[in-house]
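What TrEMBL annotates here:
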ACT_SITE  118  active site, charge relay system
ACT_SITE  160  active site, charge relay system
ACT_SITE  336  active site, charge relay system
DOMAIN    109-379  domain 'Peptidase S8/S53'
């Protein structure tokens, strides 16, 4: 056998099936039976409703076979499990009423012992006491399988006995056993493999008989969760060997519970297994959590049913997680689980019977009572009526009725006490209190004692009307002082369990009376005084109204009670101590005398004396002192007024007005309304709360707080004549200034007004949700779900957003205003300083201008930002969505990019005539009559759009560096180091260069265009005037043609210039570098030399057949196919070159004067006064002498065909 410290089995919980099984047996009785005795249970995994097969048990081959064994492999059909309701012991205890029994009576079976005849008990389990012996829960036992005194539940087939023991008496958590205070004895009759013999069971039963009184607490019950599954009868089998022992134990008065068996599905007929069929035992059936018999349970009308399906109880560690800690639980089902429930219940019923005076209690006494109080139910399978355990009814029927009143109102009257009185009683439930009242015959001391307490009764006392002092070894005495003619009530209960008692009251008379004079009272505090027994004090009211005396103390230092007497020592009122305080009140006239009696024992009592509250008709007047006072008011069906900690309650139907006057000092008041609609009016020196049927007014109070309580409350808050600060939050607002602070909490709407003077400021804070902030020149409003805060007349206001998606709207005044907005902060203010409204950290900002001359300034953030401006509105936003600032209706808007990121601005025109000015440091869109102006500066790129009509112009200016101007038919771009201005859709665009080396690129449209370039100005425009782009003073200009019929006109400067052209381009430039104008891909290029200087033109041919025509005033180079046309005029010399191929022809025309033609090689030259035309490389040259003068031809050997026309 493996003892407790050698738990080497790797076991997992499973659903053990319940069908009977066939075994081989060499035992003579076993041979007669043919089948064995088994445990009436199966195990369950923690994952319910899942059947998990465990490996077959190891067979043991002994000389003689066992009579029965534990076999975990028996099949139990899944269909029989479907619908079974799983229950912990906690839910089973609710079903049987055990939880109510414990709550009412606290019975646990203490003083008794139950014997578990089974597979042993894993006594190391924490819920079973953690050990074996007299000092543990498992007080002893025997192992009949190994013949030693160690009944540990071991072996691969173990765990069953430990589970059964936990149901009887486990004492931990919600799955505690039925009798968690009972002792246990373990008798092991199953060996490690689960095999057992009838002889072992018989020996165990005999052992119980001989040892029934061997332990501190006698054995009163036995549980046998085993039986022969092949037996289903109400009679005893002929082979039984146990009947003598059962009869003997019954005669001993021991209750024997036996599981009925799990083989109903085999027989489908009433009957019991054996030994449940024995007439000397109590058979136990199993019910589900719904109270019906389990499908497997064998049944008989003599048996009683108890919970047995899916019961969670204790198991050895090797049956749990095998982690070396004995704290494991598992689910098992079967009549094996129901039987220990009944065994435990018998212990509690026996305990209740003994408490109620029963003697000679036997198994039949308990069984008959158990059946008589059980719940009857009809079994649907047999249509028979069976009994189910009702433990609550069983115990209730046994317990004596309450013998004395259990409330102050129903206290038993002892009459007038002058000497001694006695009573006997029972504390019959855990919450039972027996009250006794009496009237004192004279001043003195009364002592109650409770002798003769029985069972588990422990005295507990309460005293009403005085402060009692508890004495005695077990607190069995209580003493207190009494005053003649006064009535006192003493409550006696138990701080332990139930029991009987004898109560005696002793009276000792005393007539001593001395007092301390506390004088005239308006308000006073007397701290740290001591009382030992009884102390008397004299007080006198200062005004008509309530006189209140309160005592406060630490209860652990001793209870203190107050009594108030009039000047004739007639009792006015009594105050009992509650939670360390005691109090008396009287409605006094001015100057009325009273005596305060303090009873109890405590070395540190603080007293509070108050005479500040009076009532006139329906008005309560509260008067402050010369010091600092604290007032509170709470409205309701009962109005509550608290003055310096002293509470007064007034019925709302009797009081309609409450008036507070703070007096001197720095005073504080808190007013709380109801859940109806109320209005608060809060000024720097007064506060008013108006509700349905009541009004509260406070004056002379420096600090006021008003609490709304629902109903759509409204608060109006006003400033002082000085500088004030107003702060609002979603659930409260505060106005403060020199010498005061006022707050309002939980109002749906608040309205604050700064109208009394001073420079006032308002701080408005958002809620955790989505909020809306609106600012105007005279007011601001912050609102969200469930709140609205309004502030008017403040010189400056600040709105703060922190959570949610918050939006602010800024509105201008009728005068001139300025709006500033950045990623975090926005503000609207009058330019003359009349108001200032700021908003911080709002997700979206909107600003609107309507009257006056208003300006807006928008600033970027550190990330990439975008700015968009139209004639009436503009907005700046972050590309990551961190902010959006929008403006509308401003006369001018300026956007500034200075904080980093890649920012660009987009400006749109109006429907009127607009002008866009783009510079390296700023850009502006404005109309020609000054109705709007949008300015941007510092942006990486600026885009201006002319899309809304009007005749719009764009003026783009260079920087002091090298810049590039690009002009298209639909846009113009001027860019340089650190700036980029793009004008789109403008009818006219002007580029201006002034410093650096600047280039202009001018592109044509898809239609017919003209490009005109002078030394200072270049213009690209449509022939139909649909657009015009100008470039002024650029160091170089490039004109590009692509579509349509395009012409270029290039003009010289005043210095020496050169023009060069080819089939696809034309270039006019100054030899001294003042200008450079280039035209490419134009259908026609015309160059003019008119401004002076010595200018030459050089014309190049194409790869095709070209014609050069040279005249005294101009020259033309063109191809015969008409793909290009280059024209020059006014040049001092024109040079034409045919070098690219083709059959080229040159025509040289004379002037009216004397001209000279010279030809040699591939050169042909015609010169005259003020002109010089030269053709080189042409295939043929024609010289025309038809305009007069004396012309000369000097022809040498030439490489071309020369033709002379005219003479």
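Every residue gets a Cβ built from N, Cα and C, even glycine.
Keep in mind the model is a prediction, meaning the values are calculated, not measured.
Cβ neighbour count for residue 160 (active site, charge relay system): 31 (other Cβ atoms within 10 Å of its Cβ, all protein chains included). Taking all protein chains in view, 34 other C-beta atoms sit within 10 angstroms of the C-beta of residue 336 (active site, charge relay system). DSSP classifies residue 118 (active site, charge relay system) as strand under the three-state reduction. Distance noted between the C-alpha atoms of residue 160 (active site, charge relay system) and residue 336 (active site, charge relay system) is 9 Å. Secondary structure at residue 336 (active site, charge relay system), as computed by DSSP, is helix. The Cβ of residue 118 (active site, charge relay system) has 32 neighbouring Cβ atoms from other residues within 10 Å, across all protein chains displayed. Residue 336 (active site, charge relay system) sits 10 Å from residue 118 (active site, charge relay system), taking the Cα positions as reference.
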